[in-house]
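So the structure is just underneath, and the comments pick up after that.
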């Protein structure tokens, strides 16, 4: 059924003839490409047979069957759409085909790529997620260009990478928005949702992958934007001469989008309702007693017929299928498909494609080298930090305001006996509460981690390159927010004169800021939730401050936990003691005992005595050792950040997989009379 959705702009009428012409061009391009181009220019044949996926719900006896006995194929130059109601298993099927299933799932069945069992190599396939996780501060050009520099090999020159990026941008119709920021952040609208989706696709097709997975590419888009996005996707092969194999999960396409599909996989509750040409789906439903009403969107009719989420409407007289319950309608369609000639054709096609495997193997495409990735990530992160007001600039404004407040409260301390406590309080506030405000950048850290996880999952670069790039890009900004507020808070209160003392003060402040930022990055890598991350990060810093040796002197701290080991683990201890040594060594203060023998005389107390007796500072080593320990802790925190990401990537999936297998084994033992298939799926 062909008709235009009245909600679409009138501009779509210009595409009515174009769609037919494009189809002819696609067929001709396929013939020419198949004949003249090498295998490197061809798409990938993917087949799956009796595919089943079971998810462990984390409790004994509570595994859930998500996909059951699916069989199908995807061919070069064609767009396969996976459709079905919410929760039917569309994304799970896509993840299974792309090798992205979680470690708490078990997969059975056979998935072949060009007739072979093999993992998808980097550059051969690309996966566009449902959420457009992008750096909102970059322009379209910058986002794609930086990605090209990261992904494309060093054998290509910078000019060639730039040309590839520009061509890809034009390929997706983004040339008019090329200098517009992606936006979506603080007061920045940026590009539209459809354009963001196309930017995500641009980034993933830079390596010219022959297999493209898309999870809900039209989610959140209006009908016009959805059509334009899918039109660009469906015609990618015409522009870069690659007969790309495209598999997309899609929820509820318009009639115009539905016409772009070559094949359709229709699911309900993880089972196949229909697989075959999209144009024949309505005929299949009609032959089983569920015809599409006139002037209705075929995809809407298909989904309404098999959506059992609203079965209660049958009791109210609103049943879509007349008096037939939806569950029964689904059963009729599934049984009809199993016994149909269409299913036999699919089985034969899968068998045929499975036997056409070649002896040659896909070569894994190369990235840019490690040093290039570090430099590109440093530049990109620096640009993002400069343009994101919430990353450093708002914090700088708050730091300056706090520094002015400190300077006015502690103005001109002098060297009286009372100034001893005042100086200690000022230094404690500087190294603790001001650096505590670094948690204000946590939302930006979380967004950075989201972008990293997407790019890392797609194989754009390594963990080490990301950590190095993030570290070096932040150093200039942290120096800025250390020097400016530090100058105000140091000189106006009249702390110890001498430029070397000021430099030391600034270095400690910088070290504390970077340590807290490293701590929050670690938290962001473990707890991506904004609210929970703020709470955990603030809690950790509060405990460290409490055990740092100011609120309770070191010798008075309870020895279990607080003195050993927390007093030596908390970086506040080294910041306090280093700043105290820097401030009090070499100074003299008035003593509070001014009456001796009835005569009023001036007596002084040295800074060294204050450090030893009042603050209980360890005097066995210099202040530079404290600073060196702080710098070493920065390195330790960053390495810990790297290790945690690695553990999350490798160890956690293994542990969850072992837990899942243990649960599965227990369930099989409890049901020894089950059939082999049932044992595998329970």
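The backbone N, Cα and C atoms fix where each Cβ goes, glycine too.
The feature domain 'ABC transporter' is assigned by TrEMBL to 46-294.
Annotation comment: TrEMBL describes 392-414 (among others) as transmembrane segment.
If you look at the transmembrane segment (426-446), the same-chain residues 6 or more away from its ends with a CB under 8 A from one of its CBs are 385, 388, 390-392, 394-395, 398-399, 402-403, 406, 410, 413, 485-486, 489, 493, 495, 505, 508-509, 512-513, 515-517, 520-521, 523-524, 528, 530, 533-534, 537-538, 541, 545, 548, 550, 572, 575-576, 579-580, 583. Among the features that TrEMBL reports, transmembrane segment is placed at 426-446 (among others).
Annotation source TrEMBL lists transmembrane segment at 466-490 (among others). Long-range Cβ contacts of the transmembrane segment (466-490) within its own chain (Cβ-Cβ under 8 Å, at least 6 residues beyond either end) map to 373-382, 385-386, 391-392, 395-396, 399-400, 402-404, 406-407, 426, 430, 434, 448, 452, 456, 502, 505-506, 509-510, 513-514, 517, 521, 638, 641-642, 645.
Summarising the annotation, TrEMBL assigns transmembrane segment to 502-524 (among others).
Under 8 Å from some Cβ of the transmembrane segment (530-553) lie the Cβ atoms of residues 424, 428, 432, 436, 439, 442-443, 445-446, 516, 519-520, 523-524, 562-563, 566-567, 569-573, 575-577, 615-616, all in the same chain and six or more residues away from its ends. The transmembrane segment feature in TrEMBL is assigned to 530-553 (among others).
Long-range contacts of the transmembrane segment (624-645) within the same chain: residues 463-464, 467, 471, 504, 507-508, 511-512, 514-515, 518-519, 521-522, 525-526, 571, 574-575, 577-578, 581, each at least 6 residues beyond the stretch ends and with a Cβ under 8 Å from a Cβ of the stretch. Taken from TrEMBL, the feature transmembrane segment covers 624-645 (among others).
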If I take every residue in the domain 'ABC transporter' (46-294) and average their pLDDT values, what number comes out?
88
